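The annotation N-acetylthreonine is assigned in Swiss-Prot to Thr2 on the grounds of similarity to another entry. According to Swiss-Prot, the domain 'EF-hand 1' annotation covers 8-43, on the basis of sequence analysis. Annotation comment: Swiss-Prot describes Asp21, Asp23, Asp25, Thr27, Glu32 as Ca(2+) 1 binding site. What Swiss-Prot records for 44-79 is domain 'EF-hand 2'. The Ca(2+) 2 binding site feature in Swiss-Prot is assigned to Asp57, Asp59, Asn61, Thr63, Glu68; the stated evidence is sequence analysis. As annotated by Swiss-Prot, Ca(2+) 3 binding site applies to Asp94, Asp96, Asn98, Glu105. The Ca(2+) 4 binding site annotation in Swiss-Prot covers Asp130, Asp132, Asp134, Gln136, Glu141 and rests on sequence analysis.
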Amino acid sequence: MTDALSEEQIAEFKEAFSLFDKDGDGTITTKELGTVMRSLGQNPTEAELQDMINEVDADGNGTIDFPEFLTMMARKMKETDSEEEIREAFRVFDKDGNGFISAAELRHVMTNLGEKLTDEEVDEMIREADIDGDGQVNYEEFVAMMTSK
């Protein structure tokens, strides 16, 4: 997990970690975690912080060491990336920016990707993703489709 981080990112995280490790003992408290993450441009909710701590704080002592912190940050960044990638992909399909992907928009993008689909195939793709049955795909439906694999 942490091998996906660049040396620069690791150095950045180490610096931030050290700033909040007041007594220099190599651990930060759960309370300090939110402050550290916000200083790195993340914006976790209280529930997310608690979940992250529970995931990495193996002995349940309320403190996190640097390797645990790195694992957690790598995980958090991965989630953010994939969410952003899905949003970007949706924008590519949603040509007119109305928040929906129509059959025509889907056909246009698939054709540009070199996929020659029949109208039936395009309609079938829309039907599979179209949870509320309105004949087009909204962002929530698109996310569900992209993350269901």
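Each residue, glycine too, has its Cβ placed from N, Cα and C.
Each of Phe100, Ile126, Ala129, Ile131, Gly133, Gly135, Val137, Asn138 belongs to the same chain as Asp130, Asp132, Asp134, Gln136, Glu141, is absent from that list, and has a C-beta within 8 angstroms of the C-beta centroid marking the Ca(2+) 4 site. Sequence-distant neighbours of the domain 'EF-hand 1' (8-43) (same chain, 6+ residues past either end, Cβ-Cβ under 8 Å): 2, 49-50, 52-53, 57, 62-66, 69-70, 73, 76, 80. The Cβ centroid of Asp94, Asp96, Asn98, Glu105 marks the Ca(2+) 3 site; residues of that chain outside this set whose Cβ lies within 8 Å of it are Phe93, Lys95, Gly97, Gly99, Phe100, Ile101, Ser102, given in sequence order. Within 10 Å of the Cβ of Asp21 (Ca(2+) 1 binding site) there are 21 other Cβ atoms, across all protein chains.
Across the domain 'EF-hand 1' (8-43), DSSP classifies residues as 23 helix, 3 strand, 10 coil. Taking each of the binding-site residues Asn61, Thr63 in turn and counting other Cβ atoms within 10 Å of its Cβ gives the largest count for Thr63. Counting neighbouring Cβ atoms within 10 Å of each of the binding-site residues (Thr27, Asn98), the lowest count belongs to Asn98.
Across all of the domain 'EF-hand 2' (44-79), the predicted model scores a mean pLDDT of 81.
Glu141 (Ca(2+) 4 binding site) sits 34 Å from Glu68 (Ca(2+) 2 binding site), taking the C-alpha atoms as the reference points. Cβ contacts within 10 Å of Asp96 (Ca(2+) 3 binding site), excluding its own Cβ and spanning all protein chains shown: 10. Among the binding-site residues Asp57, Asp59, Asp134, the residue whose Cβ has the fewest other Cβ atoms within 10 Å is Asp59.
Summary: among the binding-site residues (Glu68, Asp94, Glu105, Asp132, Glu141), the fewest other C-beta atoms within 10 A of the C-beta are counted at Asp132. The Ca(2+) 1 site is defined by Asp21, Asp23, Asp25, Thr27, Glu32, and by the 8 Å test on Cβ atoms against their centroid, the other residues of the chain that qualify are Phe20, Lys22, Gly24, Gly26, Ile28, Thr29, Thr63.
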